[in-house]
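Trainee: Below are the features listed in Swiss-Prot for this protein:
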type	residues	note
ACT_SITE	E25	active site, proton donor
BINDING	K86, V106, S140, A141, D142	substrate binding site
BINDING	D138	Mn(2+) binding site
ACT_SITE	K159	active site, nucleophile
Amino acid sequence: MNRFIDLSEEVKSALEERRPVVALESTIISHGMPYPQNIETARALEEIVRENGAVPATIAIIGGKIKIGLNEEELEFMGTSKEILKASKRDLPVVLAKGLNAATTVSATMICANLAGIKVFVTGGIGGVHRGAEETFDISADLQELANTNVAVVCAGAKAILDLPRTLEYLETFGVPVIGFRTEEFPAFYTRESGLKVDYRVEDEVEAAKVIKTKWDLGLKGGILIANPIPEEYALDRAYIEKAIEEAIFEADRRGIRGKALTPFLLEKIKDLTEGKSLKANIELVKNNARVGAKIAVQLNKLYKEA
């Protein structure tokens, strides 16, 4: 195994025994949610993955080591320490070389999962093309990782703070299939609809797993995006959340907040503007993704064992 990687016993034995494993990111713990909801959600996600037949592997960097599968103490540390950096692809070599602590974004988690041989990764929403990117060029590294790294990503679409039409155009340019899980519409994180279409729809986990395996069997590199809408009962009203997003973006512009600080700032501001409703929605959508992601991992694992 790669010298930078430290597998938990649970994950190590699952990989050795060819059991299904699901990667989970840590940015949601350190930068995406406040304490204690962050730790509670992280534990709940792991439990949901187990209940649905797979082994959870929460990924983070602690002391310059890529930890794949965190224990209680490490989860607590990621959720409470103020010393946690946010590591994307470009940050990985520096964080590892300097022995630092960092939460992994979607792009970094995909890289780490791929190094460990984990094929399915569950997150809330991916990063993408930011609003105003035609001037700022602010485009998340998540999109390039989806173009290049063989990991299937289950999400509730892209984060609603982004420019969703341009995000989908970017994914199309780089040949990333955007598959709707029981939906024809690309979900917009807090809402089930965006007015934008996905490329294809699948009806169940078996179909999703077949598409994923077929892509890689063809030798086509890169990921697949499985867009799984937030459950109806937790979805927010589109006009209501859009108003909060626009206010938050205006405030970020006014304060000159850019780069990797932008997304955490916007999520926090939207939480305040919606009196916590956006946080509740965020927690529920990622739990739903964990359910679907674990089931897809189980089916994909079956297909690989049969091959």
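In case you wondered, yes, glycine gets a Cβ from its N, Cα and C as well.
Quantities reported herein were computed from a predicted structural model and do not represent experimental measurements.
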Trainee: With the substrate site defined by K86, V106, S140, A141, D142, which remaining residues of that chain have Cβ atoms positioned within 8 Å of the Cβ centroid?
Mentor: S88, K89, T105, S107, A108, I126, G127, E145
Trainee: To which of the binding-site residues V106, A141 does the lowest count of other Cβ atoms within 10 Å belong?
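Mentor: Ranked by other Cβ atoms within 10 Å, the binding-site residues V106, A141 bottom out at A141.
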Trainee: For the recorded positions E25, D138, D142, which one has the sparsest Cβ surroundings, going by other Cβ atoms within 10 Å?
Mentor: D138
Trainee: Can you tell me how far the Cα of D138 (Mn(2+) binding site) sits from the Cα of V106 (substrate binding site), in Å?
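Mentor: Roughly 16 Å, rounded to the nearest whole number.
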Trainee: Could you list the residues of the same chain, at least six apart in sequence, whose Cβ is under 8 A from the Cβ of K86 (substrate binding site)?
Mentor: T27, S30, H31, A102, A103, T105, K260, P264
Trainee: Using the alpha carbons only, what distance in Å do you get between V106 (substrate binding site) and E25 (active site, proton donor) once rounded?
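Mentor: E25 (active site, proton donor) has its Cα 7 Å from the Cα of V106 (substrate binding site).
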Trainee: Have a look at the recorded positions A141, D142, K159 and say which one has the shortest Cα distance to the residue listed as 'active site, proton donor'.
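Mentor: Minimum Cα distance from the residue listed as 'active site, proton donor' across A141, D142, K159 lands on D142.
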Trainee: Filter the binding-site residues S140, A141, D142 down to those whose C-alpha lies within 10 angstroms of the C-alpha of the residue listed as 'active site, nucleophile'; answer none if the list is empty.
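Mentor: Those close enough: none at all.
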